[in-house]
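Below is one structure, written out as structure tokens, with a few remarks after it.
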Amino acid sequence: MPVTDFFAVAPPAAQPLSRPFIKMQGLRNHFVFLDCRLHPVPSPADIIRICDVHAGVGAEQVITIEPPRAANAAAFMGIHNIDGTVAQACGNATRCLAWLLFDETGQEELLIDSLGGPLQCRKEGPWDVSVTLGPITTDWARVPLARAVDTQHLPLASGALTDGVALSIGNPHAVFFVDQEIDIPALAPGIARDPLFPESVNVGVARVVDATTLQLAVWERPGMLTQACGTGACVAAYAGRLRGLLRGSDFTVHLPGGTLRIRLLDDGRAVMSGPVAFCCTGYV
Ligand SMILES: N[C@H](CCC[C@H](N)C(=O)O)C(=O)O
């Protein structure tokens, strides 16, 4: 029985809440999945409650599985941040959603549609999934930025976070390369709320280990340090190669929650490969 059959299981009569959910995590970046092929997309207030571990099950994003909007897509993926706002891309959640759809359909390759565009997904192992995201761009208007600046050498700083690179892979990122320990919660908000970023920005802090390896941590929109950020890993590898700090096409990105493998394609897209894990089911 596919895990997603749970979405059709009625709650116990005494259950005060009626919405079935599946929770999964990718490198400890954790998500609540709701099937909106059967139920309406929840309100921002409900998203906030579900993400709040003191009021709901707790999650770093709520992912809504919606009917496909693009031809030959298995589903549309809605990405909802903890403040109820909508994001355009989420690498770790895409791997988890792909796993659920592989399990549901028996397929081992499929397309997921999203605001950031189509995402080709492939089952690499029982709990290992690759997703092709992008293309990545450093075009200021598409990050987006509020004005034209050199996106490869950003004119803003917050403490030791200087000389960053602005990119988009569907969602906005600013990547800073450092060679020292950084108090990210102290410094990253100064970047994220800078008026240069009209939609705010995910702030990646990267340290080069060698020509194909990074260490990375990301202060994600709307303002939280996550254990892993899939889109952040893709753009950090891209920015590192752009800066001449990395070489080749295949990279390893170590995040606090674990490691992702990133392959940069010639067309600007990135193939991100990594694990997924099942957490629990329940009702919210
Ligand atoms: N908070 C991000 C979305 C989730 C990105 C991250 N969880 C990933 O795995 O890519 C944003 O607002 O753009």
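Using N, Cα and C of the backbone, Cβ positions are placed for all residues, glycine too.
Going by what TrEMBL states, the substrate site holds Asn29, Asn81, Gly91, Asn92, Asn171, Asn202, Glu220, Arg221, Gly230, Thr231, and the candidate of Gln61, Gln120 recorded there is Gln61. Closest to Cys90 (active site) in space, going by CA atoms and restricting to the binding-site residues Asn29, Asn81, Asn202, Arg221, Thr231, is Thr231.
Summary: among the binding-site residues (Asn81, Asn92, Asn202, Thr231), the fewest other C-beta atoms within 10 A of the C-beta are counted at Asn81.
Annotated substrate site Asn29, Gln61, Asn81, Gly91, Asn92, Asn171, Asn202, Glu220, Arg221, Gly230, Thr231; additional same-chain residues within 8 Å of its Cβ mean position, judged by their own Cβ, are Glu60, Ile79, Ala87, Ala89, Cys90, Ala93, Val218, Thr226, Cys229, Gly232.
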